[in-house]
């Protein structure tokens, strides 16, 4: 039975219009995006198959094109649609960090960092450069490493802070396939960054570690960081 033949209260689009997006399951929301399924399976069936195969929304949105288009009912158009969703979310969150009021808490920053770093298979060191009102003026990937290691140079971070005339910086890196537990080298790097930035009167506000959907603030274990 196609979705068009379902009772109106069970159709994802009608259900969303009636009760709001929060009332829908992951598969139902994904089905609205996919629009159609394939011969013998509805868009909801296809959405459930994708979630089962990839295990989570995060893994699905991070999947390579070849893996996605190998699923019957998926093609380049649907792959492009799936790629657009997290990118739009990242851009919307980045916009919110540039609002005149700046950010009034860590939630938006954490969400932005999750969306940016969680899907990556390699380690990346990211810097958010802030103006005196805590508005983000730039987000830059400063260093990129292998699965387990990235070389970070505090002087390069300080140089970019001067380029952006930043008053403060938030840094973050991911632990692909790891945990958010900071290593001793993570803590040493944080102290070294804070000392280097102090020399040019720039505050290091926080250092976050992202692993999957988990995120940890090093302000909790580093007394040099004021936190957000």
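Glycine is no exception: its Cβ is also placed from the backbone N, Cα and C atoms.
These features come from Swiss-Prot:
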type    : residues      : note
DOMAIN  : 102-224       : domain 'MPN'
BINDING : 173, 175, 186 : Zn(2+) binding site
MOTIF   : 173-186       : motif 'JAMM motif'
DSSP helix/strand/coil residue counts for the motif 'JAMM motif' (173-186): 3 helix, 2 strand, 9 coil
For the domain 'MPN' (102-224), the mean pLDDT of the predicted model: 87
Structural state census, the domain 'MPN' (102-224) (DSSP three-state): 40 helix, 36 strand, 47 coil
All-chain count of other Cβ atoms within 10 Å of residue 173 (Zn(2+) binding site): 22
